[in-house]
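A.B. asks: Below are the features I grabbed from TrEMBL:
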- 292-461: domain 'Helicase ATP-binding' (DOMAIN)
- Cys524, Cys527, Cys564, Cys567: Zn(2+) 1 binding site (BINDING)
- Cys533, Cys536, Cys551, Cys554: Zn(2+) 2 binding site (BINDING)
- 541-714: domain 'Helicase C-terminal' (DOMAIN)
Amino acid sequence: MDCFINVILPIPLEKSFTYAITQAEAEFLKPGMRVSVPFGKSKIYTAIVFNVHNEAPLVYDAKQIHQILDDSPIVTQEQLQHWQWIAKYYLCTIGEVMRAALPSGFILESETVISKNNEIVINDEDLKDDEFLIYEALHHQSSLKIQDLMSILDKKNVLPVINRLLDKNAISVEETVYQKYKPKLVRYVKLHSQYTSESKLQDLLNELSRAPKQRHVVMTLFSISATTKKPVKVSDLIKDGDASSTVIKTLIDKGVFEAYHIQHDRVEFSGKDNEHSKQLNEYQAKALDEINQSFKNQNITLIHGVTSSGKTEIYVKLIEEQLKAKKQVLYLLPEIALTTQLVSRLQNYFGEKVAVFHSKYSSHERVEVWNNMLRNSLKAQIILGARSSMLLPFQNLGLVIVDEEHESSFKQFDPAPRYHARDAAIVLASIFKAKTLLGSATPSLESYYNAKQGKYGFVELKHRFNNVLMPDIELVDIKDKHKRKRMNGHFSDRLIEEMTETLKDGYQIILFQNRRGFSPIIECNTCGHSPQCPNCDVSLTFHQYKNQLRCHYCGYNTVMPKTCEACGSVELDNKGFGTEQVEEEVKLLFPDHNVARMDLDTTRGKYGYEKIITALEQGEIDILVGTQMLTKGLDFRNVKLVGIMNADNMLNFPDFRAHERSYQLMTQVSGRAGRTDKRGKVLIQTYNPYHKILQQVSTNDYEQMFNEQLNERHDYKYPPIYRLIKITLKHKDYQKVDVGAEWYAKSLRTVFKQHVLGPEFPPVSRIRNQYLKNILIKIPQKQSLSKTKEAIIKINNSFFSIKDFRAVRVILNVDNY
Ligand code: ADP
Ligand code: ZN
Ligand code: ZN
C-alpha cells in the first residue's frame, strides 16, 4: 500500500501538505517528528509530521520527503491538539503556531545571502543573460538566497553564475548559517589515575618540588576536590590556584592531569534550595482551602487578592501538592515580572526543579528547556515563563497558574498567532485535565465577569500579609495648585513635602509617569509645527539625554533641531512630559539624593532591568522614576511613598479599556508602597480629582469600578459582554488600503449588519510607511463564534480573489486587547 504523511510547514498557508514515504518510513515515523521536505520549485523546509496515512492526495502527485530528522517525536500529541485549537480560534495557520512554538534551533537551515554591490555601476551589456536576470532581480530586492536564484534561473546549479558575478564585482555574498544548538562544554581536570594512591601522590609532589608553580596547582586541585567533593573546573583552578592555563597545560601534557568535559546546562540554577515554604496565616490558609474546594467542581478559579496579600505563598503550597503527585506546573507571568525577584524566590523553595523561559533566552537555552521537558526531566517540573512558555512540550501538566492575569501583555500582537496566553493556557490545561488558577489584585473585567457568572470559581483575599495597612491614597488637584502657584515644574507642593519627609526618615520613593522620553512632543511657539516621523503618522518624542528626537513606533531618530523646520523660529517648546523630564526635575529638587530611571530606554540589554531592581533593593537608589514597568509584582521593603505624576493621560487614552487599565495601573503601582510595618502613602496628581476611577482607586473599591465599567461595556457593546474581532488592512499605498477597507467592511455588513464598525484609521494611521485601517466586528454572546469566523474567512478569501487587493495585508485579531 502507498504510504503518506501530512506535515506542518512553518509558513502561513492554510492547506495541509502531503508527502510520499516508503513502507519502512511509515512504520518508523510518528506524529511530532521532524522531516525535511522539498517545497515549491527548490525550497527545503523542516516540517513536523502531523499524521501517517494511506490516502494519496487527489489533485497533485505527492513528493518524496528528503530526510527523517528525529528518532522520536519532539512535539507531543497534546501540543498538536493545542496548536490546532490556537490556529482555529485565533484565525491563523497551524504553521504559524509551529513557528512561534519551536525554538529556531529546531528549524535548521543554511542559507547563503547575495546582495548587490552598490559601490560600482555595472553596464547591462557587460552581463550575460543569466547574470543580468540576477542583477536585475537585485534591483527590486536587496538580497536573494540561493534558493531564490534557483527559481529565477530555473536550474539547480547556480554557483557558476554567482562566481561570474563575483568576478565582476557586481555582488557580494554572505553566509548566514543559522546557529545549531550546541550544549555548552565546561572543561574539567582531574589527577591522572596513576597518582590516586597516597604514596604515588607523595612521589609526584617530591618530583615537582623544583617546579613550585606546578606543585602549587596540584595541591590546589587536591584541596578543591577535597572540600567540594565535586569535579574541578579548569576555570576554578585558575581562579583559586593562581594558576595560568600554561601551567595546567604542561601538567596535562606531562600526563599528571587529565582533561575532560561534562555537558553542562546553560540554564543552570545557582541558588540555595533549602528554604521551607512559609507557614500560611489564617487568611491565606482559608483562601488555599477555598481554592482546593473550588477545584473539586471547577476547572478554573480566580483569586482576587489585594496587593501584598501573599498570593505567591499560596501558589507555592499548590505547587508543592502538584510535585508530590508527580505533576508539572506552568506558572505564567508577564515578561518583565519574570526577571528577578520571583525567580529567586521560587528557586529558593524548589531549586533546580524550576525552569525559567522568557524571550531574552537564546535559542540554545530554549532548546535546552524544550529537551528537558520532552524527557520530563527533574529540571522541568515547574515552568516559570512568559506567554510563549505555554507552547512548550508538557508531559504531565497538573496545574496552570496565571499570575497578574489582567496584564494585557499576555496577548500576542505581532506576528501571528495572536493568542491570549491566559485563555490559551486554560485550553492547554483542559487538554491535560489540569486545573487553572488565575490570580490578580486587579482582575480583568473578563475574568471577574466569568467568576460572577459562575463560569469560574472565585476566592478572595482582602488582608495584606502581616496586617500591613493598605496605603493611604491622596488625590492632589494640580489645576488648583497651578492657579495658586504651588507647582514647581511638575511637582505639587504636597508631593515635595511628602518626598522630603520620606527621604528624611530614610525611606525610598517611586515616581510613576506613564511615558518615557523627556517631553513627548516638541511644538513651535510661533507656528505650532511639531516635528513628525517621516515613516509614521506621529510626532517625534524628545529624548534629552541623547539630544534626540525619536519615533516610539519605528525607532527613527534625529538630532533635536535648534530652530523650527517649518518657520525657523527658535521658540521650540515642550508639551507634556515623560520620565526623563521627571528625573531631571527630581535631581534639581533633591540634589543630595540618588535618582534613577526605569523605562524601556534604561532597561535594554540582558540585565538592564535587574541592575536597577538590585540597586533599589540595596538602597543605592533613593528615588526611582519609571513607567508601568514599575508595577509588575515587585516587592520592595523600603519604599514608603509612591507619586503618580499625572493620572489624566492614562484616563484620557482613546481606548474602551482606558478606565479599567488606569484603575489597574494605579492600584498596582500604589501597591508598591509600604509593604512592611509602616503604612505607605500614595499621591496622585490630577486635573480632575473627581473622576470616578480616581475615587475608586483611592477607596480601593474594585467592585464599584467593575460594576460601572461593566455597565458601560453593556451600553457600548464591548467585552466581556460582546466579543471583538479586529481586522486591520495594511499597505504602503493609501488608496489601496482605503478602497480595500471599504469593500471589506461592506461585505462584512451584509452578514453582521450593525455589528460592524468602521473602517476607521487608527490614531496612528501610518507606521513604518504602511497605512493602516481598522474594522471592528462585535459579536453578541448568543452568536456562534465558529459560524462568525467561517463567514469572516469566506469574505477574506473573496477579498484576496480581487486582483487589486491581493497585495494588501489583512490582519485578523480575535479578542483584540
Ligand atoms: P502578593 O503576591 O499577593 O502581592 P506576596 O506573596 O508577594 O504577595 O507577599 C507579600 C510579602 O509577604 C512577601 O514579602 C512575602 O514573602 C511575605 N509573605 C507572604 N505570606 C507569608 C507568610 N505566610 N509567612 C511569611 N511571609 C509571608
Ligand atoms: Zn515654527
Ligand atoms: Zn516612525
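Glycine is treated like the rest: Cβ placed from N, Cα and C.
Distances, neighbours, how buried they are, the whole picture for these features please.
C.D. replies: In the three-state DSSP classification, Cys564 (Zn(2+) 1 binding site) falls within coil. All protein chains shown were included, and the count of other CB atoms within 10 Å of the CB of Cys564 (Zn(2+) 1 binding site) stands at 21.
Shown in sequence order, Cys533, Asn535, Cys536, Val538, Leu540, Thr541, Asn557 are the residues of the chain, 6+ apart in sequence, with a C-beta less than 8 angstroms from the C-beta of Cys551 (Zn(2+) 2 binding site). Cys551 (Zn(2+) 2 binding site) falls outside any helix or strand according to DSSP and counts as coil.
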A.B. asks: Of Cys524, Cys527, Cys536, Cys564, Cys567, the binding-site residues listed, which put a C-beta under 6 Å from ligand 2? Please answer none if none do.
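C.D. replies: The binding-site residues passing the 6 Å Cβ test are Cys524, Cys527, Cys564, Cys567.
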A.B. asks: Considering the binding-site residues Cys533, Cys536, Cys567, which residue's Cβ sits among the greatest number of other Cβ atoms within 10 Å?
C.D. replies: Cys533
A.B. asks: Test of understanding: give the count of other CB atoms lying within 10 angstroms of the CB of Cys554 (Zn(2+) 2 binding site).
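C.D. replies: If we count other Cβ atoms within 10 Å of Cys554 (Zn(2+) 2 binding site), we arrive at 17.
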A.B. asks: Could you say whether, by DSSP, Cys524 (Zn(2+) 1 binding site) belongs to a helix, a strand or a coil region?
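C.D. replies: Cys524 (Zn(2+) 1 binding site) sits in a strand per DSSP.
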A.B. asks: State which of the following binding-site residues has the fewest other Cβ atoms within 10 Å around its Cβ: Cys524, Cys527.
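C.D. replies: Output over binding-site residues Cys524, Cys527: least Cβ neighbours within 10 Å is Cys527.
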A.B. asks: If you measure Cys524 (Zn(2+) 1 binding site) to Cys554 (Zn(2+) 2 binding site) at Cα, how many Å is it?
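C.D. replies: Cys554 (Zn(2+) 2 binding site) has its Cα 23 Å from the Cα of Cys524 (Zn(2+) 1 binding site).
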A.B. asks: Round to the nearest Å and give the CA-to-CA distance linking Cys554 (Zn(2+) 2 binding site) with Cys564 (Zn(2+) 1 binding site).
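C.D. replies: About 23 Å separate the Cα atoms of these two residues.
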A.B. asks: Going through the binding-site residues Cys524, Cys527, Cys536, Cys551, Cys564, Cys567 in sequence order, which have a CB under 6 Å from an atom of ligand 3?
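C.D. replies: By the Cβ criterion, which requires under 6 Å to ligand 3, the hits are Cys536, Cys551.
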